[in-house]
Amino acid sequence: MAGGGGRPRCPPGALLGVAVVVVAAGWVRAEPKGEQSFDLIGKNEVYGDTRHEVNVYVKMFTNSPFLVCMDLALSQERIIDPNYLWIGPDGRDLKGQRYVNLTETGKLMVMGFRESMSGAYTCTLSHKIIETMTQEETEMVEAYKFMVYAYREADHAYQVSARFSTTRCKLKTNGLFFEELSKILNSSISYLTCHITESSYKCHSIRTPKNGLQYELFVHFLVNPFAPGWEEVCHKAPYDCEDVTNRRVRQAAERIGRFFRQLRQILEYEFHLVPAVQYVDNSFSMTPIDSCRPGFGKNHHTHQNCASCCVVCGPGTYSPNNEVTCWTCAKPQARMYGAKSCS
């Protein structure tokens, strides 16, 4: 009977399936495939699994949680003569690297996470099991694989639409009204360094069963968080400014929502020159529009446990703009994470 060395372990082999860990704001959630999810709150640790690779999502510019070179069950046992070998995405030994915190007990933290740090982090744990009666030593080896991805919060904008009744489509005052409306909205949110973009309107004739032919202005615009001066606001934020930017644009959208809820009263006092234009009750709608920074995208299938995140584009894919898609390269030229082009 073995004593003092823990239970017998399976030899290293192919890592099948996947477990998922999303890390944000100091909490860790792990979801092994096919098993009930569990939370490791406050420990800032993610355990490996010999059966699965573990996906870990780390917000840009923050430190990863500690990746533990053993599974949760083994961590509760005594381990004789443990040795840990951590290999990074570039295939190099991580011991002594300045950007990692590697503890004596085999825990790895990657500090100041960037796109280029994404990839596979593998650890090999070797230890001994000693037979109690014969003192015979058996060398045991386990392999653990963590797929670690940088992510950003999506940048938010808001698509707004509303309708206004007018007496005829070919009225000069329709254009004047639209210009004045845009000015008022821009003025109301400028202090948040947000502005109105992609604004447009069209006039349509509408036949109604009870009131005959009517005319309405269909107004559309985008509440955009990147008004002139937004860079200066971001420079005051530590590391990255998605949180600050999203908070500002959310406040701007809420302010515009209040504006439209009070619009009937506002029209009576603000638009003396165009009394023929009236807001159509309950026509206001606002839809959030997400965008990702270049080199990042969303993939609900590949990263379903971080579906709302902008996750770094993997090797062989790229994102050149602020859309939410990582495109596949025609030729596998982009071999790094976070590519903005295939060249």
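Every residue, even glycine, has its Cβ placed from backbone N, Cα and C.
Record features, source TrEMBL:
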| type | residues | note |
| --- | --- | --- |
| DOMAIN | 54-152 | domain 'Zona-pellucida-binding protein 1/2 N-terminal' |
| DOMAIN | 292-342 | domain 'Zona-pellucida-binding protein 1/2 C-terminal' |
| SIGNAL | 1-30 | signal peptide |
Secondary structure content of the domain 'Zona-pellucida-binding protein 1/2 N-terminal' (54-152), with strand meaning DSSP E or B: 6 helix, 54 strand, 39 coil
Residues of the domain 'Zona-pellucida-binding protein 1/2 C-terminal' (292-342) by DSSP state, where helix covers H, G and I: 3 helix, 10 strand, 38 coil
